[in-house]
Amino acid sequence: MGRKNQKKKMWNRKRKLEESEDKSKKDRKPYVKCISSNPKMEAYYAAIGLHATQKSGPDSKDFKPCLSAEDMEAERVKFITCMRTSLRASFRIAQNIEEEFREHLIEDVENFVGTEIEIEVDEEGNAVSKARGDATMDVSGTDTEGNVTDIDAGKTTLKKLAPAKAIPYIPDAYQLSVDRRTIRRNPALQNFHEWLKAQTDAGFVTRQETVSMIPPVVLSPEPHHAVLDMCAAPGSKTSQLLEYVSSIPEGGTEPEGFVVANDSDAKRAYMLVHQLRRINSPASFVTAKDAQFFPQLLRGENTTDEERAQEGLFDRVLCDVPCSGDGTGRKNPGIWKHWSQSAAHSIHPVQVGIGLNGARLAKVGGFICYSTCSMNPIENEAVVAQILRDADGSLELVDKRKDMPNIVARPGWTKWKVFGESESKRIKKDRQKKNNAKMKKRRKEYEEKQGNGKSLDVEENRVVDDTQEEETKEDPWSETPDSWDENYLTTRAALQGLIEFKTFEDVPINHRHHIRQSCFPPSAEEVDKFNLERCLRCLPHDLDTGGFFVALFKKISPLSARAKRKADELARANSDKYDFRHSKHDKNESKPNQNEDIVPEKSSEGIPSTELSKKKKGGYGFNNAESFVTADTSLLHDLSDFYGFTEEFTNSQFYSRAGGKSKILYYITESVKKNLIDRGIQDKIQVINSGLRGFERRNKDDCVVNYRPCQESIHYIAPHMSKRKFAIGPKDFYNCLKRGSNAAIPCESFSEPICKKLRETSLGAFVFVLEGYELDISKKMYMVMWRCRGDAVNCLVCEAEMNGFKSKLKAFTGIGEDIIPFNNNIEMHIEKEKNESNEEPAQTTFSNIRDKCIIQ
């Protein structure tokens, strides 16, 4: 049996190798720039009045109606022009780092991108990119790795880039004047790119879209708050929330608040763990559950009668719901091609269900933030209005403009038009089938077999290849509309297959399950009651960002029984509609309840998810055996004796995910234990991860205790250690950093007192702490070491954390050097390579140049 499988694997490997060789022999098609245009999308937004308002002045934060056709056309041109340009890169400095170190990072930003930078641009004004990595370029502009590059593609000129500007409404955040691709590939920005990667890996900087930073700032959680992110993946907003609650109170040793990061897809939730690990905070709890069915946690066995009478556990709830994502067209060009109005109608009830459940999970007096990266009122104001309608007075909208005075955001809409797709799903599906790659290939093979090279079906003549452009056909939709009259714009939209429904009664009965009553604007009485103008509408051309929508609710009273019943019914209806349920064949899963069906989600970052219910054998299932349990008592006793812990600390803070002496012990904060684990959350929901890795087992038989502390949690564990912990000076600390990770560091290389202590230390793990920072936990200057058998020690710190230590040591003590040099030596090395080798600059290998810069 084993031999058969081995032969099969070898045959599969050989077949894949042959297929890859065949693909490499084929001529590659030239790079074709994505067309940022969609007549239907442009006609829709013109018809619903997206271009009907404008700024009161160039620098004004107020808006006024467009009173003439010229004003509307000018607004449309600004919108379309901005949407067709690449999105400007942005990043922010973490809020959970010390002020002294934050000032050091701000100084680094000023040194790298605080002044004008010259880069090469082509004739169209686009930044010229050159080969990176080990690829070299030939004269045709193609590198040895097969990537098309911009060098020698035409005449180039030097262009000065504007310096990075601080985002006024986001603390310590910056927006650049170039996109991510230019930063990644242009040599003039290479040092800054390397610095950005190093600080991101260390958790000090987060690369994040500008508008994506707004919802956490709007929520503004406090360090002691319980926060829930209902649709968390990929995790940029979650990491921002985690920074707010990770602050350690004066005299404390761990955060008091926590963040529950939830996503419907377990695979995406595991990726979320990796993102949050950069923040290095134990105040996180990652789960996998459909946001519409996220359970109440105040009904557990360990809750009091007073807690059962309350509603909601969380002080802040973020509902960054799945959406169509048409506001992300600048960074996701595929949106232009695949946009349809039916997507907004399909996701609308799911958004309402998530918002209502989020309101139920919040405390009275707490806040719920609803956000999307869509500009469509069906996904924005219509959802907000329905949530307010179902809440029946328990929620009210809050205007955050006064707390963010520098933000430029348009007021929410109180009326809009409702359009539906005129093309049925079946017709659309049949048309798409005829245009897919498989059908095109079959038609081509059949035509070649017939020998005439012509289409044999009249219907096939109407099938257009998406990869080819019709040169004779002009695009009238990029031109000025003939009129800005409402009737004309509605007719213009109808030519693109969009039908307007003035009231819900006008919707055909067979379409009412898709286009619902809640999609239509509120009544005049509801308009006065809901205050939808308090919502924040961020359009791309207002702040040179992506499109975004934010609404902040305050919960002023418990939800009524009717509202809770409505939320349950809506969630069940959405689940039945999509019919994504737990697999019956997965033995590792517990039998789901009626309210535990899974609905696929896509975050407003524009990244689609797969269904949790569609699991394969060996996938991420809901397994109760993976629950966090208190660590083995005998093991905790050994740890206490070896590292000098108090029994109270070890018994309450360390958990494992299996019985007995498991490989990893997790450090979990007291607030997470009390509010989540003790309330039975693991019996109601799939838990992916919690806290930080505290101890890890090493297979060393001659060591007294085979468990060593993990670097990611040592800052919270070391203050409780009374043994095997040494305070060292800055020079000895730097001695560890310059040697690198896992390198043998001779004991004699340290100062004499430290060398003596090391030689007296037995085999096993120990901790170094920078002198003067023993009690300053927030600065995180603890380092895990290993005493070797010989006269040497090892530094058990990964490269990313090494770079973080180097940056902090330079900021705190002035000792050491910057991990990335400020000055740009790339061009100097290019000239040097040219003079020495007398070759064309296209032959230069940029990876060698980068290595030389780092060495020098």
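Backbone N, Cα and C atoms are what each Cβ position is placed from, and that goes for glycine too.
Remember, TrEMBL labels are computer predictions, not curated facts.
TrEMBL lists 1-31 (among others) with the feature region 'Disordered'.
Annotation source TrEMBL lists compositional bias 'Basic residues' at 1-15 (among others).
Summarising the annotation, TrEMBL assigns compositional bias 'Basic and acidic residues' to 16-25 (among others).
Per TrEMBL, the feature domain 'SAM-dependent MTase RsmB/NOP-type' maps to 137-556.
In this structure, G235 (S-adenosyl-L-methionine binding site) belongs to neither helix nor strand by DSSP; it is coil. Here TrEMBL flags C231, A232, A233, P234, G235, S236, K237, D263, D290, D320 as S-adenosyl-L-methionine binding site.
The annotation active site, nucleophile is assigned in TrEMBL to C373. According to its DSSP assignment, C373 (active site, nucleophile) is coil.
Summarising the annotation, TrEMBL assigns region 'Disordered' to 424-484 (among others).
For 426-443 (among others), the entry in TrEMBL reads compositional bias 'Basic residues'.
What TrEMBL records for 444-465 (among others) is compositional bias 'Basic and acidic residues'.
Taken from TrEMBL, the feature region 'Disordered' covers 577-616 (among others).
The compositional bias 'Basic and acidic residues' annotation in TrEMBL covers 577-590 (among others).
When the alpha carbons of C373 (active site, nucleophile) and A233 (S-adenosyl-L-methionine binding site) are compared, the span between them is 14 angstrom.
A 10 Å cutoff on Cβ-Cβ distances gives A233 (S-adenosyl-L-methionine binding site) a total of 28 other Cβ atoms nearby, all chains included. Among C231, A232, A233, P234, G235, S236, K237, D263, D290, D320, the residues given in the record as binding S-adenosyl-L-methionine, the maximal Cα to Cα distance rounds to 19 Å. Neighbour density for K237 (S-adenosyl-L-methionine binding site): within 10 A of its CB lie 27 other CB atoms from the protein chains shown. Cβ contacts within 10 Å of C231 (S-adenosyl-L-methionine binding site), excluding its own Cβ and spanning all protein chains shown: 28.
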